[in-house]
Structure formats: C-alpha cells, structure tokens
Amino acid sequence: MVVVNKTNLLLLLLSLCLTLDLSSAQLRRNFYAGSCPNVEQIVRNAVQKKVQQTFTTIPATLRLYFHDCFVNGCDASVMIASTNNNKAEKDHEENLSLAGDGFDTVIKAKEALDAVPNCRNKVSCADILTMATRDVVNLAGGPQYDVELGRLDGLSSTAASVGGKLPHPTDDVNKLTSLFAKNGLSLNDMIALSGAHTLGFAHCTKVFNRIYTFNKTTKVDPTVNKDYVTELKASCPRNIDPRVAINMDPTTPRQFDNVYYKNLQQGKGLFTSDQVLFTDRRSKPTVDLWANNGQLFNQAFINSMIKLGRVGVKTGSNGNIRRDCGAFN
C-alpha cells in the first residue's frame with residue numbers, strides 16, 4: 001500500500017497546477033502576428049461568407065466548439081474523420097447530431113488561409129475553430145471579443161473518449177456542475193455557457209420525455225409553461241420524423257441575447273438541463289440577474305468562453321498543425 005502524506009499530496013497538486021498553467025501559457029492574443037498577421041480577418045471573411053449561405057452555420061459552429069473542448073480539450077480532435085482503423089470522436093453517438101455546417105465553416109476558413117502563401121499550414125485547426133466560434137457569436141448580434149491563440153491540433157481522436165464528457169438534456173445542476181468542474185469551469189461558467197442555447201435547435205426526440213412521458217405520475221414535466229407545452233406538442237407530435245428539429249429559443253432564435261434566461265423565468269427552457277438553472281436555488285439568482293441585464297451576461301459569456309478556450313491546450317510534442325483539419329498529418 002502506498003502512503004501519501006500531506007507534503008507529497010501538496011507537491012502533486014502544485015505539479016498539476018503548473019502543468020495546466022504551462023499548457024495555456026503559450027496562448028496569447030496576436031499569436032500569429034509574425035507568421036500570418038491577417039489571420040483573424042481572413043477567418044472572419046470566410047465565416048461571414050458561410051453565414052450568408054446558411055444561418056445554421058452559427059449554432060453549428062458554436063456547438064462544434066463546445067463538443068471539441070469538452071472531450072480532451074480544444075484541439076480540433078472533433079474534426080477528425082474516422083478510418084478503417086479508428087472510429088473518431090465525430091462518429092460517437094453523442095456527436096452524430098453535430099451539423100455539417102460547423103465542420104464546413106472550419107474547412108472553408110482553412111482553405112482561405114492556405115490561399116495566402118505566408119499563412120499556409122501556419123494556423124492550427126483548433127485556433128481556426130476558436131476564431132470562427134467568436135465570429136459566429138458576434139455575427140448573431142453577440143459581443144465582439146479578443147481570443148487567445150496558439151493551440152496545436154491534437155494527435156488523437158477516438159469515439160471511446162467521448163462517453164460521459166458531454167452534458168445531456170436530462171442533466172440536473174449537480175451533474176452539470178460536475179461535468180464543467182472537470183474542465184476547470186465554475187457554476188457561473190456553466191450558467192453562462194448554457195446561454196449559448198439562445199441560438200440553435202434540437203431534435204424533437206430530445207424533448208419527448210418532458211411533454212409525453214415525464215414520469216409515472218404525470219406525462220408532462222410540471223416545470224414547463226403550459227402554453228409552451230401546447231406549442232411543443234404541435235411542433236413535435238409523437239409520430240414525427242426523428243430528424244425534425246425545433247428552435248432552442250422560442251422567442252428570438254436567431255439572435256444572441258439574454259432572452260434565453262427570460263425564457264427560463266417563464267418555464268420555457270427546452271431541455272430539463274436548461275430549466276433546472278431556474279428551479280435550482282444555486283443557479284436561480286444568476287439566471288434572474290442576467291435575464292435583467294444583457295450586458296452582464298455578455299461579459300460573463302466572454303469570460304467563460306476564454307476560460308473554455310484554455311481547456312486541454314496541446315503544446316510541444318503533444319500536438320501539431322494539421323495540413324488537413326479532418327485527418328492527422
């Protein structure tokens with residue numbers, strides 16, 4: 001049996017903290033100032049063009065970023081395509097609903113960068129996804145903010161690594177807090193990043209349990225607004241095609257704003273994992289605060305996105321810059 005005294009434990013914790021600090025220490029604004037000075041404008045132009053083609057680009061890119069960062073860090077491992085020898089992250093059951101427009105946004109931005117000689121293969125796919133996510137938030141009416149750059153692309157992507165790392169629609173605050181804490185994110189970060197549900201859509205089958213089969217006592221979740229239940233049942237009848245999706249935010253689905261929190265106050269959170277933010281006493285005060293002050297929410301969202309972008313950063317021999325975002329070099 002190994003005995004760990006307090007001194008050894010303290011040293012272990014300090015070592016862990018130092019490792020985490022070093023992994024994100026290389027991140028900085030204007031990281032590519034010397035190698036590709038116009039990187040952010042090039043990516044922005046590509047993203048803007050993609051958004052003009054389809055609005056789905058916005059929520060798809062935002063969701064792709066979360067799914068990437070929550071599984072072994074922000075390293076573009078979610079971009080990797082499966083091969084005969086490896087089933088990659090993107091083909092895990094929980095990632096199959098990631099819209100293709102998110103992947104295409106990164107691919108198009110990469111192509112735009114590679115068309116500039118001094119930028120070709122100089123910018124990581126992980127950084128491209130980070131910039132693109134910032135840009136889609138802003139293009140949807142959300143805040144503009146500076147992003148830290150300098151990530152390398154991951155060298156591994158397996159479907160087996162995904163399980164248990166992503167939030168589920170039925171999660172309560174305890175489960176959500178635990179998942180976010182594993183990535184160094186606080187309760188406030190969790191509430192702020194959940195605000196991304198002000199954009200996007202979800203498949204009807206994800207809400208069936210709340211409006212048809214809640215529990216043995218009642219078929220409908222009592223925390224759902226009655227008018228919203230009627231609306232959901234009309235949009236999502238029992239026999240609907242499982243590919244059909246509905247807006248996450250029933251009020252302003254194409255606008256990045258704080259209406260998500262106002263919806264929660266009215267019992268109009270689409271998922272259980274949304275509505276519990278209002279019904280749980282630990283998160284309710286923050287929901288109320290941001291529902292009443294959009295600027296405070298925007299600032300909190302920026303801070304939490306920057307923290308999210310530091311999760312699992314790859315450095316040195318743990319990563320590289322991919323020539324193709326969908327395949328290892």
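Note: Cβ is positioned from N, Cα and C throughout, glycine not excepted.
Noted in Swiss-Prot for the protein shown:
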type: ACT_SITE; residues: HIS67; note: active site, proton acceptor
type: BINDING; residues: ASP68, VAL71, GLY73, ASP75, SER77; note: Ca(2+) 1 binding site
type: BINDING; residues: PRO167; note: substrate binding site
type: BINDING; residues: HIS197; note: heme b binding site
type: BINDING; residues: THR198, ASP249, THR252, ASP257; note: Ca(2+) 2 binding site
type: DISULFID; residues: CYS36-CYS119; note: disulfide bond
type: DISULFID; residues: CYS69-CYS74; note: disulfide bond
type: DISULFID; residues: CYS125-CYS325; note: disulfide bond
type: DISULFID; residues: CYS204-CYS236; note: disulfide bond
type: CARBOHYD; residues: ASN215; note: N-linked glycosylation site
type: SIGNAL; residues: 1-25; note: signal peptide
type: SITE; residues: ARG63; note: site 'Transition state stabilizer'
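Everything Swiss-Prot records as a feature, shown here on the structure.
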| residue | record | Cβ neighbours (10 Å) |
| --- | --- | --- |
| HIS67 | active site, proton acceptor | 22 |
| CYS69 | disulfide bond | 28 |
| CYS74 | disulfide bond | 30 |
| SER77 | Ca(2+) 1 binding site | 29 |
| PRO167 | substrate binding site | 18 |
| THR198 | Ca(2+) 2 binding site | 29 |
| ASN215 | N-linked glycosylation site | 10 |
| CYS236 | disulfide bond | 20 |
| THR252 | Ca(2+) 2 binding site | 18 |
| ASP257 | Ca(2+) 2 binding site | 19 |
Whole-number Å value for how far CYS325 (disulfide bond) lies from the residue listed as 'substrate binding site' (Cα to Cα): 25
Nearest-integer angstrom distance between the alpha carbons (Cα) of ASP68 (Ca(2+) 1 binding site) and CYS74 (disulfide bond): 6
Cβ neighbours of CYS36 (disulfide bond) where a neighbour is any other Cβ within 10 Å: 17
Spatial neighbours, same chain, of GLY73 (Ca(2+) 1 binding site) - Cβ under 8 Å, 6+ residues apart: GLY154, VAL311, GLY312, VAL313, LYS314
Recorded positions (ARG63, HIS197), the one with most neighbouring Cβ atoms at 10 Å: HIS197
Fewest other C-beta atoms within 10 angstroms, as judged across ASP68, ASP75, ASP249, which are the binding-site residues: ASP249
Between CYS69 (disulfide bond) and ASP75 (Ca(2+) 1 binding site): CA-CA distance (Å): 7
Those residues of the chain, 6+ apart, with a Cβ under 8 Å from that of CYS325 (disulfide bond): ALA76, MET79, VAL106, ILE107, LYS110, CYS125, ILE128, ASP153
Inter-residue Cα distance where the pair is ASP249 (Ca(2+) 2 binding site) and the residue listed as 'heme b binding site', in Å: 7
